[in-house]
Each structure stands twice: as C-alpha cells, then as structure tokens.
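As recorded in TrEMBL:
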type	residues	note
DOMAIN	11-61	domain 'Myosin N-terminal SH3-like'
DOMAIN	65-753	domain 'Myosin motor'
BINDING	159, 160, 161, 162, 163, 164, 165, 166	ATP binding site
REGION	603-622	region 'Disordered'
REGION	634-656	region 'Actin-binding'
COILED	912-1003	coiled coil
COMPBIAS	1108-1123	compositional bias 'Low complexity'
REGION	1108-1127	region 'Disordered'
REGION	1151-1185	region 'Disordered'
DOMAIN	1270-1597	domain 'Dilute'
REGION	1412-1431	region 'Disordered'
COMPBIAS	1418-1431	compositional bias 'Low complexity'
C-alpha cells in the first residue's frame, strides 16, 4: 500500500530528495517512473540514480530563504528540515521555529546586531511567530505566560558540546533580568548587589570551575546546570537558585590529548601573583601531572592571567569573602600538588612515597592543613574494622595511586558543591515568590567511539528529557486538534519508557551497577557479565551484546544505538569517602577544608553499616553511588519540570571545526536526531503533518476544481469540494484549517501538477498554431517585399549607369577648362608679385628715412619738455609740501582744539557764548578798521581838495601876476618861490599820506581776509553747534514727553505706596507698643545723630569747596563716613519699615540732587517727612485731625484698589477657565447660554494678549512679590491636565503659551541697578554720589538724572496705550513665569505628539503588511464571477488595501485642521509632523526588518502604493505646515524601492549603496537582502557575491559602527526655544483688541478698556 501510495505522488519532472553519502541528502529531478523504482537525475552532478519511491521524498515549493516555522512546510521530513536550516544559516538566520520549539545554530561568529537592549525592546510583548525567530521570543513567551497564568515556566536548553548552550542560557537570563527590572528593580541582597547582577556574574565563576576544553569545544560545560529565577507578584526578580548535575570528576585526574583540565587550574598557575606563588608553592602548568597529560595549556584567543582576574572579580561580585577566595585557591593548589605524589613498591606489597616527591607530599599536607605523616599513612594504608579491632593493611603502589586520585576527585567535587552553595546563599532563593522561570542548561546526547560512565549518565538524562519533550509535543499537537475540533483519538503515541525502565527500573542497569560496586574486588568485566545474565536486559529489545567484546553493551536510544564500555563504570560510580581520609581532613587546621568534610563526617556517623558480604563494604562506611544520586536528582528535576510549562531550545553545532558559515549536513542531521527534533517530526507525521488554512489551500489547489470559484461558496466549502472531487481520504476539516495525513498533500500536488501540465499542453498547442500562422503570413509578406525591392533595385541600377556616363563627360569638360585657367592665373600672379616686391622696397626705404627724421624731432621735443616739466614739478612739489606741512600743523591744532571742545560737553553753551562774544569783538574790530579806513579816505579827499585849491590859487596868482605890475614881480616871485617850497612840502606829505594809506589798505585787506576766514569758521562751527543743539533739544523733548508719562505712572505708584506706608505705619504702631521706651529713645537718638552727622558732613564739605583746596582739606567729616553712617541707619530702617525708609531716602537724596549744595531751609520750608511713630526708637509726632482723616481716606482708597485688582484677577482667571469656543458636541459650538472663552483675533490668541496686557497694565512685571503669575500657571496647568487627551485643547494652550512666551521674551528683561547718575564736581558731588549709591543699592535709582543721562536710559514704568514703551525691567516672579511658560511648551508639544502616536500605532501594522483577503484572492481567477462582482471585489480589495493609510492620513488631516484652527505657529506644526512621520518611518521600517513576510515583492508594491498616497497628501497639505516631512520617510522609501526593483542579482554593491539605498547602513541592506522573497515572480535576491561583500563589510565595521539594524525613535524636542521664538512675528500682537465677551460681563468692559488701546513702541534714541 505504501508503495502504491508513493508511486502515485511521483511523476516525471517531480523535484525530490535523494540520499548521498557525503551530504546526506541532495536535490534531484525524476526523469523516469518505473513500477517500483524511480530514475532521478541529481541537480548538482547530473548523475542518474535509481531508487525506491519511498526513498525519494518530494521537495517543498521553492523558497530561497526557507521558512521561519518548519511546521508550515508542505512536506515535513528529514531532508526538508535539513535544507531549511542550511538555507537560513547561509543568511545568518541562526534561529528557526518548529512549532514552539526553537532551533539555534551556533554561528561561530559575532552577530551583535541580533542582540542588545534594542532587540529586547522589540521582542517585548510580541507573540511567537510575529517577528523573526529569536531566543528573546522564547524568553518573552515564558515571562509573559508566567505573569499571565501565575504558573512556573521552564526553558530547556540542550545540545552537544560547542553548540552554544551556555551562551543561549546567558541570553535568556539577560532577557529575564531585563524584563524583571534589571535596571530599576530596587531590590538587593545583603551585600548591596542586585539579584540580577549576581545571577549573571555567577556564570563566569561556574565556567572557571566547571568548564574545560574538549575535542569539540574550547569552553565545554562538564556539568548540568538548572537556574531557577524567582519573581514577585510585580514581575520583578526577587531571588534565584542554582542546581548542578553530574560534575565530571574523572577529568580532575585524567584527561586526553589535546583536551584540558578545568580552567581554574591553568588560571591559577598563570595568574597568581609572586607572593601567592610562593605561599602556595606553585609551579608552571607543565610540571603538574594532572595537567601535563595533554599538550594544550593555552587556549587560542584567551589569556589565563586575565581570566584569573575575571574569576576573582566574579567572586567579589557574587559576595565570596577574600578569606574564602584564598582558601579555594589554596585547595586547588593542594589538588595539583597531590597529583604529583608518586609511589614505589615497598616490602610485602606495601607502597612508599618516592623521595623525589616528598616535597609535593609536604606541600599538599601544608596546604590542606594536615600532618604530613598522617597524609602519607592515609594514602598508603587502609584500615579495616573487624570484631577483633581495626586492622591496618598496606596498599600496593597501584592502589595507593588510585587512592590519591580518589581523594583529589572528592576534594574537588566537594569544593565545587560548596561554591554552588555559596552562590545560592549569596543570591538568596525566594521561597515565597509568586512564580519562577527555570533555565536548564544541560548536556546533549553524546555518542563517541569510546563511551564511558559519563556518557551513560548524560544519555540517561537526555532520555528523560526526551520523554518529557515527546509528551509536550504530543500535547501541543493534541491541543491544536482540540482547538480545531477534529477527531484525533486513533493517533498512536510512541513513548521511550522502555529505555528508561531498562536503565533506571527495578533491577535495571543502575541497580545492577550499585550491587556490583559493593564488592571491592569486582571489575568491569564482572559488571558486564551481570548485565548479560540479567533477565531485565535480556528481555529488552533495546539492549544488546557486542559479538567481539566481553566488557561492552549496546543500548538503542531514541537517537540511535550507543556502545558503552564497562571498564571504568565501577570506579566512577563509587561516591564514598574513605574513613581515613574523612578523619584526616576533618581534623585539618584549615577551617575551609574541615568545613568541606564536616557534613560528610556527620552523615557517616549517623549512617547504618552497609550489608555485610564477603569482600563487601566494611562497617562504618556509608555506600553512595553517583548513579543513584544522579537518578534521584533527575527524578526531582522531572517532578519540577512537570509542574512547570516547558519551552524548548535545541542548540546545533553546524560543523566540527568551529568555523563560521560552514554547514555540515551529516553532522547537523545527527544532532537533530540526538536533540529529538526528528522525533518531534515523527510524532507530527503520526497525526496530521500537513495543515493549511482554507484560504491558502484554495489559493494553491483551485486548479483542481476551477468551476467552484464561480459560486459564492466560502473557502471551507470549496476545500471540501476539492477533496471530494479528488477522492482523497483520511483528512479532517477543522474550524480554520484542513488537516491531512502524510502523503495526501503529495497526492494533491501531483494532481495539481498533472492538471497544470495538461493545461500547459493545451496552451502550447494553441500557441504553436498561432505562431505557425503568424510565421506563414510574415513569410508571404516578406517574399512580396523582396520581389518589389529587387525590381526597384534593377531600375535604380540602370538609371545610375546612365547618370555616371553623363557625369563623366561633364567632369572632363570642366577639368580641362579648370587646368587652362589655373595656368594663366598662376603666371599672372607671379609677374604681379615681382612688381609688387620692387615697388614695395622703394617705398619702404623712403618711409624709413621720413620716420628717422620725425623721431629725432620728437625726441628733442620730448626731452626739452621733460626738463621743463621736471623743474616745474619740483618747484610745485616743494611749494605744496611747505603748504601741506603748514596746513597740517594748523589743522592738527584746530583738531586738538575741537576735540578739547567736544570733550567739554557740559560747557557747550559757555563755548557758544564765548564764540558769539568773539564774533562780536571781531565785528567791532572790523568796524573800527573800516572807520579808520573811511577816515583816511576822508583825509585823502581833504588833502586833494586843498591841493586843488592851491592849484587854483596858483592859477589865480598867475593871472594876477600878469595884471600886477612888473614891479611886484620880485615880490610875487619870492612869494611864488615860497609857495613852491610849500607845494613841495605838501607833495612830500601827500606822498607820505598815500604810502601810509596804501600800507593801511593792504593791512586792512589782510586783516579783513583773516577776519573773514575766522568768521566763516566761526559761522560753520556755530552752525554745527546749532544742529547739535537742535538734536539735543529734540532728545530733550522726547525724554520730557517720556518723563511726563513716567511721572504720571509714578504718581499712581506714589499713591499706592502711600497707602502701603499708611498700612505699614498702622501695623508698626501696633507692634511698637510692646517695645520698651528706652530702646525707642536710643534708636531715635542714634537715627537723629546719624542724620545730623550726615547733614553736617555735607554742609562742611560744601562750605569747604568754595574757599579753595586749603579749606577743603580742613573738612573733618569725610564723605565716605557720611555715606557709611547713612547706609547703616537706613539698613536698620529698611528692615523694619521699608516704605518709611524709601521716603526718607528720597528726601535725603533730594538734598544732593544734581550736585547742588545743601542750604538751610527757611521757616516755611519744612522737609516732608512721613510719620515714623511706628518705627521702633523714633520720636512720635503729634498727628492733626486733618492728617488722621487724610490717612484714613488713603487707607480706604488702598483697600478699594486692592479689591478692584483682586476682582480683575478673578475675572481674568475665570475667563481662562471658560470652555473653548469649539468645545461643544462635534466641535460645532457651545450650548445655548454658555459664554465661550477667549478665542482668537486676527489669527492671534486673545488669552495670551490679554495676560500680557493685563500684567503690563497692573505693573506685575516690576513687582517683587505677586501671586498673579502663580495663579495663571495653576489655571493653565489644570486646563492642560484636564484636556491631556484632547488635541484641540492642547493645541489651543500651545498656541497661547508660545505666543505669550514670545511676547515676554521680547518685552521684558532682568531688572538692572538703576539709571545713569548725573555728574557732579567737588566734595558735594562725592557725598551726593555716595548717598545715591547707598539708596540705589537698597531701593534702586528713582530720578534726578540729567537729560543727557536719560537719553541713554530705558523706561521702566509705562502703561498701555499712553505713549511708546520699551523693554520692562522685570523682577524675579516675572522671570520665573517666563521659565514656566517655556516648560509648558515643552510639555504640551510631546502630549499632542504622543496622542497621535497612540492613535495611529494600531493602524501601522496593516500599513506594512498586505492584509489577508477573504474569498477570492489574486492567486485565483475571477473570470467566472457574477456580473459586476469583479469590479466590486476589486474596489473592495483596493479599499481594504489602503484603508489603514487612509485612516492614518485622516488622523493627520484632523490634526492639521486642529492646529490650523488654533493658529499654532508654523514652525511648531512643521516640527510636529516631522516627528510623526519619523515615528511612522521607524515603526514601519523596524517591522519590515523583523517580519520576513513583509520583505516580499508584493508587499513592497503594497507599501509603495501607500507611500504614494502619503506623498499626495503631503503635497496637498502644503510646505508651510508639513515642510520636508517627506524626507523623514527616507529609510522606508528606500527599503521599499529595494523590494520592488527588478534584476536584483545584476545590481552591484556600489549601485545599491550609492543609487538605490544611500541612507541605509550595510547591516540594514544585508538584513533586507537576506529576508527578501518574491511571492509574485519568484525572482532572486542580490547575488551571492554582493551578499559576501556586505557580510565582509559588516565584519570590518564591527569596531566602529553600531551593530543594530533597527532605527531608534527619538522622542526629544526637535526645536530650541531661541530658534522657535526667532521665527515668530509681532503682527497684530500689540494692536487694540475688543474686550472679550467673557471679560465684559458686569463692569469688566471698563476694567479691561485698556485692551482697546494700541501699544506703541518708543522711538529708538538717535546715535
């Protein structure tokens, strides 16, 4: 029947597996099917193999990466399991599931990207199968099941030596420590170290004492270990316990080459210090017999000395004291020395210690703390108890050596047990724990060429665990059958109980071994004979006897037959201490050694004597055996495991050479059998090994009944119909799956293949006919085309010939004409060239001559001109230099004068007056000179007139002379002579006058020019001064206007201060009644004396300033003394009455205002001093009735103002707590009658503007103490907490807090020390400055600065709407309020982001993986669907495919509308969406790398379509709000691009890393490349060469880059406060706004009327 069934499933072309000696199984293809045999062609070699059909199991459908869970394979058999593991191992997928069983293959290489906290976080809370197989998934499943059910869990890790059991156990414990609060558990042991740390630190300690090098592993555990980790009800580790099994004692005394003894021996010999080596008499490892039996002393890649330090560190971390550490190492050294003791034969069958080893005996005795002779006697003799008394019998040399080795083994074993007990006591087991998780790290099944007692015990443990494993697997199968409600009662379960009965049953092998061990003289041969003759062994089919040996026996285990040799069974089974050794070591002077054997001594004293038989054990010795103890431990372990829920991990060693990337099929197959994996496969095949969901079954086998797809039947009905049509029996239909027996899936696959082949033949027939017809039509068309082309070619050829002949004639004619013309033209050209050359030579000669003459003339002209210009330039340069030097000197003098004048800014008006005076003097002088010149001109005119008169007189006299007689000629002549003399004198005088006038005119002209120049300079300077004065006047008027504003507000502050002073006076008057009058008088006298001294000092200083320096030197009160006196007085006053002290400071500082001297006041000039009757020690002044009434009125006014201010604050806070305008149902509005809160005005948040304007109006920023800020913060905090899940509320407050923070950041600043002080001169200025410094330090500067100082000061008191304002000097409460607003921004932004994250997180899983579609899928045809059904189904499928993306984008749409409606600044919106898209990128990308089903071609197309939808949404949303959020998806986009790109095997690594995926790391690329599978076109991933280069690049980058291929989600704020505020504008922030309705109720409209005024900035002071 089997043969027939198997023959049915094979057909020509079937892909099968065939056995091969080297590779175990190889691929092949059936090329011929005979009656009982198949002819298979091997794919690799091409060889043809003939085999039976049952020896050629079918291959699974092609999958280049294998499957995560091997139970999903269509054909689950030995070659399928082997191939799947090999395929995954090639891609570093070292973990594979078989149901809930994890198979872990040792990679023999570091894979850091698979481990670490980032991977723990990914697998936390994830169901098995959701992500790629991992040891963390098993540990997480155990932890979660423990937390959920409160039941203990066990994780069983098994495998042969070198398979990675220890490392896997470490990973499990690290994960459990991570889940159990490794970082924040808070629970610690007595030593202060946490339980988690001590559990993890115990591993290296136990490895040092329990691990050794074997032929298969350099760090093989030679004992079994069970770690039970306790958890409390909160899931936090509360305790732990470690139990060990079957330490390999024989390794202490005997090792094989090239193995090693336990690591601690080599660590001690190489790592002990010089002092320790001397103390323990240590030598090198090569000198000890227990170590030099092998030539291996150093492991490659390790350092024994460093390992010794790590062992000591582990002891310290666990909590072993230093004294116990020394005792342990001393004992280890004693064992080494003990092994070096040699014996020689003595007289009468006795033995003696050889003289060469006497020192070793002495060292051993000293280290163990016993007498040397006592140790010698214990090793060489044996005491037997008889009725007559003890008898001492000597031992021969061989027996003495065995006794020595037995003592060494028992000491080491007890020390190891003590060490485990010490670790347990240090960690502390929680007996009252809620539940626990146990991790069993035990040796796997062993089968060597020579198998001893250790292999027998190890295989017994594996048989027990295999039985437990088989029961668990069968139970899981049974649970699935029950879950699917199918009938499984007839399934047979085959157990291995017969092997266990053979070994540990009554009169089994262990009982027989204990019985034989009671005989001292018994040998291994005796034990073998006992087995051969035992009825239990003879009747068991599992036991057999080799034909060629009398000391061996064979047991057929579940993993195969194993041959055991009994030669050493008896010695290794004995586990009792010789009484002489017990007594000797109990009496040791070393407390540690005595403690090791104290418990054994107590057991021996209380034990009954062993049964007496000939040669049996003697009285007083309790018989113990290793086998019985191990059997008991196994029984206890199995009881504990049965009480827990098991989880299995099978570790596999891929090759014997421990090389990475080497997979030896036969070796792995053997381990699969030894690990029970194949047994689990057999159990699964005994039931229903083929299980498929109905949807997958119909997708795969719909070709067997395509007509069924035309109906509306569901997948289950279609499946049932297909099975009925194919006549397949023995199946079961579950709720969601179809279950089929072994071979039925192969039958269906054969039918499917035959159906597809028949369909392919039909398609080929029609295709070939169509191709033939197409070929005929094409051939006929080609013939016609060729004929037409041939005829046309002949006609074209004839035409071409005729054209050639005509062209030849034309060419000849043209050539001849061309030749004649060329000859003529050449001759003509030569003649003209000769003529041209001759004529040119003559012309050039004439031209050269003319040029020489012209050059000579030019040179002469240039030289003469050069000489003339040089002389002129030198003269001119000298004159200019002299002028420049003089002008520079004058300019420098003028510059110094101007600088001097500029520095004397305070004398500007005096200089102006002096200049005006100087100009007036110059004008008067000019007028004087002009008057003198006019007088001279008048004198000249007078002289000229006199001369004219004289000339007229002369003419007249001449006329008279003609008339006068000649008689009077002499008289006239004399008179004429006298007149001539006079005339000459007058001429001389006139010439002198003319010369003087000329000189005077020249002097006047020079003076006039000089005065004109000076006048022009003066006028320019006066103009400059006038301009400066205009600017100063302008500044003065601006400051005056600002000062008026400040004074107006200062008056309001003064009134408020008066009220506060009055309140304070009233309070202080009540308090002062309790003080003693004497203290008041003393304090009053002290204050009066200090004030009088200060005034007197000021008056003295002022009086001393007027007489001169001498008088000033005589002042007896220095200014510093007055300042210190006033400071001490006012400090006391400030401590008791701040208001009174401030007023007194104002009054006293007014004495020195502007540096004015102090003058005594008149009778009507009383100093305004407030009442200080309430001040302790002050003289009370009588208060008039008018003052009392005024004070009461002021107090009432202050109380009214305080009540009004309180009411305004309450109204403002109530407005902040009012419901938002969009807080009604569906965000459409508020219920009728409810007044909405403050919304937005012109896109600006009203609440922020109102808060800022109110604080500005009430001067809260300048207040030293105020509660308004705390109340606002409290209200905002309550609103945020109340609406922490409402993004509309959060966006509203985010907009308000950011805007308010921006306004505060721009308009307030920390308060400074005061305004600039006016300068003063003299001693009075010194005192005034000192006084102002005292009051300024106490109260801050008030007023009194000069206009020039005010020009550089900043206003600190202003009101809204009254003039411009500048930055406010804010006090501490306002600055603290600003910091709290910044904290609100940093709090609200992540709350909005996290709300959206929580909303879209459930949708992301459907965005990365194509959702399962019910009914007809893409793999099934839809041609026969009802009319219109195809379009509807396609639309529904498309709608379902993108529903998750649509939902996410709908969330983003809602968020975008919310932030827009609340006018959140764009920079915050951009940062918000960038972080959200970054979160989407991280989540989807990490899921893509962790879930193999996501790394497929069709899934890449699905995600790509979704990304296109996202891109369309981003483009529609606009860059103003979304910015470059698309770039945040770059990792996901490039990964998807890689999935959907074609021709991956042809892509080079450079193309992938540079063009396709430049941002992905090499780890990420390798992960995607290895996980990729094409479920649509069955294409391959990148080439093996590229994968190899990627892997090598990962190895090369191990030391420099991160190993994780996952992305980290950065939740930090993506903006800085400074950057945020810098990108905000002031538009519509400082304009007037209408009073909100919520504030205008009652008299609120009047109280908040200042909001309607516009804030105007003060004009900046000109530079």
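The backbone N, Cα and C atoms fix where each Cβ goes, and this holds for glycine too.
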The domain 'Dilute' (1270-1597) [mean pLDDT, rounded to integer]: 75
Residues flanking the ATP site, with Cβ no more than 8 Å from the Cβ centroid of 159, 160, 161, 162, 163, 164, 165, 166 and excluding those residues themselves: 106, 217, 220, 444, 651, 653
Residue among the binding-site residues 161, 165 whose Cβ has the most other Cβ atoms within 10 Å: 165
Number of other Cβ atoms within 10 Å of the Cβ of residue 166 (ATP binding site) across all protein chains: 23
Binding-site residues compared (159, 162, 164) - highest count of Cβ atoms within 10 Å: 159
Packing count at residue 163 (ATP binding site) (other Cβ atoms within 10 Å of its Cβ): 26
Residue 160 (ATP binding site) CB neighbourhood, other CB atoms within 10 A: 23
Helix, strand and coil totals (DSSP H, G, I; E, B; other) for the region 'Actin-binding' (634-656): 9 helix, 8 strand, 6 coil
Number of helical, extended and coil residues in the domain 'Myosin N-terminal SH3-like' (11-61), per DSSP: 3 helix, 28 strand, 20 coil
